[in-house]
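One structure below.
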Amino acid sequence: MPAGRAARTCALLALCLLGAGAQDFGPTRFICTSVPVDADMCAASVAAGGAEELRSSVLQLRETVLQQKETILSQKETIRELTAKLGRCESQSTLDPGAGEARAGGGRKQPGSGKNTMGDLSRTPAAETLSQLGQTLQSLKTRLENLEQYSRLNSSSQTNSLKDLLQSKIDELERQVLSRVNTLEEGKGGPRNDTEERVKIETALTSLHQRISELEKGQKDNRPGDKFQLTFPLRTNYMYAKVKKSLPEMYAFTVCMWLKSSATPGVGTPFSYAVPGQANELVLIEWGNNPMEILINDKVAKLPFVINDGKWHHICVTWTTRDGVWEAYQDGTQGGSGENLAPYHPIKPQGVLVLGQEQDTLGGGFDATQAFVGELAHFNIWDRKLTPGEVYNLATCSTKALSGNVIAWAESHIEIYGGATKWTFEACRQIN
């Protein structure tokens, strides 16, 4: 470029810069830039000044595009999963000849397929109602048997007369249910009759529940604080008991209890202890066709217990963090032992202790297929390993039997939920 033209270019650029800003920023300095002959000098200067801003905007746009792309990919993956699940459902409906009935009344849920709220479901609404009524009647009969036993011990003529009245009511209800079963089998009865009979039976059951609850309340007022049992009559995800106290940090423990169950397959979960970050900190469970197991920090040991014969059994498990050594006792006799069960892992404090349910989350996440069905009493925990003699004293109801120094069986320490019940129980006097 000739020297004269370059000088004119610098002069024009200086005029553009001076015209673009009215403020005085101190001594003026001139910057010469080579540009094409036909270019607009002022426009070129402004473009050079905004280059950084444009570059920043481009980077922000690129980041936004990448984020949107990730969101779209995630949504596509979700759509693919939902489509696959829908396809499986449709294929099962096509292959299953009873799909229509299953949709109308529910179907049997396979273990491990997800949360189950009520265990086994019946084929039709009517059959389901009758099944639930039968279970309720059985629960009421069991409660009356306990009241009868209590009245014998206390020689209460008023309790006996009321018990006889309630027993006759239950017998009448059983006849109504049996009659309804026969009607269903013969294919008789319409929706209106179904509704009327169900309302009548449910009304009678409600009245019975109230009367029995009054009896049990009077029974509770007169019994010692540790002479009681918990009953879980149904396999649900809402029936449980919670111990008000938590556990301290423990480097050894012994847990003992009385259990009675005839549930199959598996009696369920007598107790579970969960802490933040670990739902299986300490669990006793018998699920499906597996043997009973003890879990510590999600580590498992199989126990030699056989208790689902409908009889009362006393069980104890001892453990120490040193080498993870454990021992299992049934009815006062050691039946198994092992080591390397969560060695050198202390039981963590400040958790939630639940009776009758397995926790998938802290204090919840219950699954009906893992619920305990049966009766439980004298649940005690010590922060040490009991000796075989001490365990034997517990199983034989010796006067030397100890109460738990961490968790002691007391009615004031237990809260019940969802229909679980408490009534009088005296170990060794009422067993089998």
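Even glycines carry a Cβ here, placed using N, Cα and C.
Here is what Swiss-Prot records for this protein:
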- Glu358, Asp360, Gln370: Ca(2+) 2 binding site (BINDING)
- Cys256-Cys316: disulfide bond (DISULFID)
- 226-428: domain 'Pentraxin (PTX)' (DOMAIN)
- 90-122: region 'Disordered' (REGION)
Self-check item: Packing count at Asp360 (Ca(2+) 2 binding site) (other Cβ atoms within 10 Å of its Cβ)
Solution: 15
Quiz item: Taking the recorded positions one at a time (Cys316, Glu358, Gln370), which has its Cβ surrounded by the most other Cβ atoms within 10 Å?
Solution: Glu358
Quiz item: If you take the centroid of the Cβ atoms of Glu358, Asp360, Gln370, the listed Ca(2+) 2 site, which other residues of that chain have their Cβ within 8 Å of it?
Solution: Thr269, Ser272, Ala279, Ile285, Gln357, Gln359, Gly365, Phe366, Asp367
Quiz item: So for Cys256 (disulfide bond), how many other CB atoms are inside 10 Å of its CB?
Solution: 24
Quiz item: To the nearest whole angstrom, what is the C-alpha distance linking Glu358 (Ca(2+) 2 binding site) and Cys316 (disulfide bond)?
Solution: 19
Quiz item: In whole Å, how far is Gln370 (Ca(2+) 2 binding site) from Cys256 (disulfide bond) when you measure between their Cα atoms?
Solution: 20
Quiz item: Taking the Cα atoms as reference points, how far is Cys316 (disulfide bond) from Asp360 (Ca(2+) 2 binding site) in Å?
Solution: 24
